Each structure stands twice: as C-alpha cells, then as structure tokens.
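The following features are taken from Swiss-Prot:
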| type | residues | note |
| --- | --- | --- |
| BINDING | His83, His182 | heme b b562 binding site |
| BINDING | His97, His196 | heme b b566 binding site |
| BINDING | His201 | ubiquinone binding site |
| TRANSMEM | 33-53 | transmembrane segment |
| TRANSMEM | 77-98 | transmembrane segment |
| TRANSMEM | 113-133 | transmembrane segment |
| TRANSMEM | 178-198 | transmembrane segment |
| TRANSMEM | 226-246 | transmembrane segment |
| TRANSMEM | 288-308 | transmembrane segment |
| TRANSMEM | 320-340 | transmembrane segment |
| TRANSMEM | 347-367 | transmembrane segment |
Amino acid sequence: MINLRKTHPLMKIINQSFIDLPTPSNISAWWNFGSLLGACLIIQILMGLFLAMHYTSDTLTAFSSVAHICRDVNHGWLIHNLHVNGASMFFMCLFLHMGRGIYYGSYLYKETWNIGVILLLTVMATAFVGYVLPWGQMSFWGATVITNLLSAIPYIGTTLAEWIWGGFAVDKATLTRFFAFHFILPFIVVALAIVHLLFLHETGSNNPSGINPDSDKIPFHPYYTIKDALGMTLLLLALLLLALFSPDSLGDPDNFSPANPLNTPPHIKPEWYFLFAYAILRSIPNKLGGVLALLASILILLIIPLLHTANQRSMMFRPISQTLFWILTANLITLTWIGGQPVEQPFIIIGQLASMLYFLLILVLMPLAGLLENYMLKPEW
C-alpha cells in the first residue's frame with residue numbers, strides 16, 4: 001500500500017516538517033517556544049477575526065464598539081480579554097525564544113535568525129497599530145508620540161509623519177488605516193513564519209550542547225509532538241488564568257477613558273513589552289538620537305552572528321559568557337521597569353546607564369568574553 005503521508009504533494013511537506021523530521025534527541029523545553037509562538041499566532045488571528053466582526057474603525061464609535069463587544073456580544077468579554085492578554089503571552093514567548101537563540105548560539109543559522117528579527121519587527125508593528133484601535137486615551141497618545149518620532153528624520157520627517165497620519169494629526173484617517181494594517185500584518189507574519197521554518201529545516205535544529213547532532217537524531221513525532229502538546233496546554237492554562245482572573249493587570253487604566261486630544265495623560269507609556277525600547281528612546285535627550293537608539297536596540301540583533309568570537313557555539317560550557325547573558329537579561333528587566341516610570345531622577349540616570357550597558361554588553365563585553373574563553377581553553381592555560 002502506498003503511504004499517502006509520504007507521497008501526496010501537500011502531506012509530504014507536512015510529514016517532512018512535523019512528523020518524520022529528524023530532530024536532535026537532547027533539545028530541552030527551551031525549544032518549545034517556536035511551537036508556542038505558532039499557537040499564539042493562531043489564537044490571536046482567530047480572536048482578532050471575531051473582534052473585527054463587531055469593531056468599527058471610526059473615531060466616534062471605536063471606543064463604544066469595544067465596550068459593546070465586552071457588554072453585549074456573546075462571550076465578547078472573553079474574546080477581548082484573550083486577544084489583549086494573548087498579545088502579552090505572544091511577546092513573553094518571543095523574548096524567551098530569542099533569549100534561547102542567544103544563549104545556545106542558534107543565531108549562527110544566519111538566514112533563520114535574520115528572518116526571525118524581521119518577524120520580531122513585524123509583530124511589534126502589528127501590536128503597535130493594534131494598541132491604537134480601542135481609541136482610549138493611551139491608544140491615542142501612544143500613537144501620537146510614536147508616530148511623531150518620524151518627524152525627527154531630517155528633511156522628509158514632517159511630510160512622512162503627515163503621510164502616515166493621513167492629515168495633520170492622529171485622527172479618523174489614522175485609525176482606519178491602522179485597522180487595515182492590523183488586519184493584514186498577522187498574515188504577513190504567518191508567511192514569514194513559514195519562511196523561518198523553511199530555513200530552519202534546511203539546517204536542522206540546534207541543541208543545548210551546540211555540537212553537531214547528526215549522529216543522534218529521533219523522529220519529531222511522537223516525541224516532540226507530545227512535548228509541544230504539553231507546552232501548549234500550559235500556555236493555554238496561563239492565558240486563561242490571566243484572561244479570566246486578572247484581565248486588566250497588564251493594561252493601562254488611562255485606556256478606559258475615551259481618546260481626548262485636548263487632555264494629555266500625565267505619563268504616556270506603551271504596553272509592557274515595548275517598555276525596554278521606550279526606555280532606551282527616552283534615555284537620549286535628543287529627538288533624532290533617541291529614534292536612532294530605539295532602532296539600534298532592535299536592529300543590533302542582526303549583527304549578533306557577526307559578533308560571535310567563541311570557538312564553542314553554545315554558552316552551556318562558557319561561564320563568563322553565561323554571566324554576561326544573565327546581566328543582559330537583568331538589564332532588560334531594569335529597562336522595562338524604567339520605561340514605565342516618570343521622567344525624573346533617579347529614573348533618568350538609571351535608564352541612561354542601563355541603555356549604555358545594553359549596547360556595551362552586546363557590542364563589546366560578550367565578544368571579548370568569547371575571546372577570553374578561547375584563550376582559557378588552550379592546553380597551556
């Protein structure tokens with residue numbers, strides 16, 4: 001009998017990607033986040049689709065339509081809460097997935113890594129335009145502040161900002177186009193995720209040791225399908241706990257007030273997952289400098305593969321690099337905290353020091369640690 005799984009053109013692709021895929025036998029739970037991100041993306045698209053059925057992208061009715069979804073639509077409150085908190089889970093998984101990639105040297109699969117960075121930027125853009133849609137105070141002022149950064153670009157800045165706005169300020173045209181962007185971008189994310197997977201399957205997965213795993217591989221199914229199913233169950237449990245018991249804990253109270261262009265909130269800040277970048281932006285007193293630092297904080301990820309100096313791929317057996325990695329993690333948590341604080345001392349200086357340390361760690365200290373560890377591994381040491 002011909003095995004359809006291995007011969008059918010479409011089934012064959014699925015089989016080679018999720019069933020008979022040769023996978024290293026020693027990959028840990030840190031390798032679960034790819035599939036969890038896929039699950040998050042599917043949940044977000046489905047919940048978003050149901051929300052879009054009831055949402056109106058008009059400045060006069062957007063806020064009311066979100067209230068209507070939560071009050072009058074069957075299980076609308078649940079769909080809304082899952083979508084809002086699903087974004088937080090998405091970014092949590094994203095940061096852990098990237099952290100894993102840096103720790104275990106997965107960035108040396110350059111194509112996969114670069115597509116991953118483009119994916120991160122696309123997801124960040126999706127989340128930003130999505131945050132504007134409820135048209136609350138923080139939605140409006142967040143959109144105003146962030147889109148205003150475009151005006152810092154020399155010569156074309158103001159024209160570019162007004163082109164994005166569709167007028168002379170954030171208004172009806174901006175909301176309508178942001179809704180259009182928020183609808184289309186997740187499908188671009190799906191396409192990029194498929195390309196990400198395609199490049200990954202060209203090389204095969206990395207593993208915690210960083211050693212070539214070709215001599216010891218096992219089929220993806222049933223071993224890792226079961227493992228992924230467990231991860232997804234735990235993710236769903238965490239999401240439901242957050243959405244049902246504490247749905248507004250990660251949001252901003254200002255967003256419960258309708259957008260008012262005449263009243264600026266005392267502290268304008270984005271959602272928690274953008275706070276680290278926002279802190280870097282604010283740490284430079286110059287507008288253009290801040291914008292460049294903001295861009296550099298994300299785009300620096302693209303040059304991480306070029307800064308790899310160690311003879312070993314993974315940090316598993318490199319204690320100095322490990323220490324620096326965890327300092328970087330603590331530094332990012334510090335930046336996240338600072339991003340949510342008012343612009344006053346001592347927060348200003350802490351933010352500036354943390355921003356400096358962020359770039360110093362990635363550009364200087366970690367490459368130097370790799371060279372030092374190479375030297376320490378020499379027999380004469």
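Just so it is clear, glycine is given a Cβ too, placed from its N, Cα and C backbone atoms.
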Run the contact check on the transmembrane segment (226-246) against the transmembrane segment (347-367): 3 or more C-beta pairs under 8 Å, excluding pairs closer than 6 in sequence.
no
Residues of the same chain, at least six outside the transmembrane segment (347-367), with any C-beta under 8 angstroms of its C-beta?
279-280, 282-284, 293, 296-297, 300, 304, 307-309, 321, 324-325, 327-328, 331-332, 334-335, 338-339, 341
Grab the same-chain neighbours of the transmembrane segment (113-133) for me: Cβ-Cβ under 8 Å, and only residues 6 or more beyond its ends, written as numbers and ranges.
55, 57, 62, 66, 87, 90-91, 94, 98, 101, 106-107, 139-140, 142-143, 146, 170, 174-175, 178-179, 181-182, 185-186, 188-189, 192-193, 195-196, 199, 270-271, 273-274, 298-299, 301-302, 304-305
Determine which residues of the chain contact the transmembrane segment (288-308) at the Cβ level, with the cut-off under 8 Å and only residues 6 or more beyond its ends counted.
98, 102, 105, 107-108, 110, 113-114, 117, 120-121, 124, 149, 152-154, 276-278, 280-282, 355, 358-359, 362-363, 366-367, 370
Looking only at His97, His201, which of these binding-site residues has the biggest number of Cβ atoms within 10 Å around its Cβ?
His97
Sequence gap of 6 or more, Cβ distance under 8 Å: name the residues on the same chain that satisfy this around His196 (heme b b566 binding site), in order along the sequence.
Thr112, Ile115, Gly116, Leu119
Among His83, His182, His201, which are recorded as binding-site residues, the nearest neighbour of His97 (heme b b566 binding site) by Cα:
His201
Would you mind listing the long-range same-chain contacts of the transmembrane segment (178-198), meaning Cβ under 8 Å and 6+ residues beyond its ends?
17, 37-38, 41, 44-45, 48, 52, 55, 57, 112, 115-116, 118-119, 122-123, 125-126, 129-130, 132-133, 143
Nonlocal residues around His182 (heme b b562 binding site), in sequence order (Cβ under 8 Å, 6 or more apart):
Gly48, Thr126, Val129, Gly130, Leu133
Let me know the DSSP-derived helix, strand or coil state of His83 (heme b b562 binding site), please.
helix
Calculate the distance in Å between the alpha carbons (Cα) of His201 (ubiquinone binding site) and His83 (heme b b562 binding site), and round it to a whole number.
30
Other than its own, how many Cβ atoms are within 10 Å of the Cβ belonging to His83 (heme b b562 binding site)?
21
